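Chemist: Just lifted these from Swiss-Prot, have a look:
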| type | residues | note |
| --- | --- | --- |
| BINDING | 50, 51, 89, 118 | 3-methyl-2-oxobutanoate binding site |
| BINDING | 50, 89, 120 | Mg(2+) binding site |
| ACT_SITE | 187 | active site, proton acceptor |
């Protein structure tokens, strides 16, 4: 009699929403199958972020990321990670109106195994969110510092420093929740208003640079593993000197090749 392995339990939106006020949600970015497979057993959520345009393609911002790019990398991540809840960023310009947003969101669902899509914007996106959720698409919201608005904002600026911004952020969060977003990313928001939003809404918040009171946290993997030393945001904690470790390994490899120590007899065929 053949032994059957237990089916892999995929993290769902219900699982994540059940963690609200109970257990912190662990999220990280990934852009390929290799790292997705490494992260798989350790995280609840993987975001295929348009941040790949900066960390993977060395561009200055996220704005030139395309739908095709996001689909390609989402397919790779889904091939490597089987259990986390996988979110695909909708890139700049891909949800400019309801027709365009529906077309691109449906492509994500048809062409990948992504669990949800994420879009940036506040209460002005509420109608769009409802349209998408009415079609069966799980939408993750994103407010605060929104990278797709970096040129309009004149840079990456922390939000929630004054009463007007705080009021808008809370209104945005409540409107998006009512419209049907399943999770809400809070980026670059001052801690007090991030805490207030987290307390006021019933869906989980996932913070990045928004203090410890959010229901979960997310970081760009190459930031937290120390692969970029040219610029490190205040909110990033490095858990590894990845760039240094990799460079040292390559140096050892190069040295072995130059000295004729690689390959040796055990690494050769006869």
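Glycine too: its Cβ is placed from the backbone N, Cα and C atoms.
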Chemist: Using DSSP and three states only, what is residue 120 (Mg(2+) binding site)?
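Modeler: The three-state answer is coil.
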Chemist: In sequence order, what residues of the same chain, 6+ apart, have a Cβ less than 8 Å from the Cβ of residue 50 (3-methyl-2-oxobutanoate binding site)?
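Modeler: When sequence neighbours closer than 6 are ignored, residue 50 (3-methyl-2-oxobutanoate binding site) has 62, 65, 70, 89, 91, 92, 147, 148 within Cβ distance under 8 Å.
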Chemist: Going by DSSP, is residue 51 (3-methyl-2-oxobutanoate binding site) part of a helix, a strand, or coil?
Modeler: coil
Chemist: Could you state the CA-to-CA distance between residue 51 (3-methyl-2-oxobutanoate binding site) and residue 120 (Mg(2+) binding site) to the nearest Å?
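Modeler: Per the Cα atoms, residue 51 (3-methyl-2-oxobutanoate binding site) and residue 120 (Mg(2+) binding site) stand 13 Å apart.
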Chemist: So among the recorded positions 89, 120, 187, who's got the most Cβ atoms within 10 Å?
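Modeler: Per the Cβ count, the most surrounded site is 89.
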Chemist: Please report the distance from the Cα of the residue listed as 'active site, proton acceptor' to the Cα of residue 118 (3-methyl-2-oxobutanoate binding site), rounded to the nearest angstrom.
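Modeler: That comes out at 13 Å between the alpha carbons.
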Chemist: Quick one: which residues besides 50, 51, 89, 118 have a Cβ within 8 Å of the 3-methyl-2-oxobutanoate site's Cβ centroid, in sequence order?
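Modeler: Apart from 50, 51, 89, 118, the close residues are 47, 48, 49, 52, 62, 65, 70, 88, 90, 91, 147.
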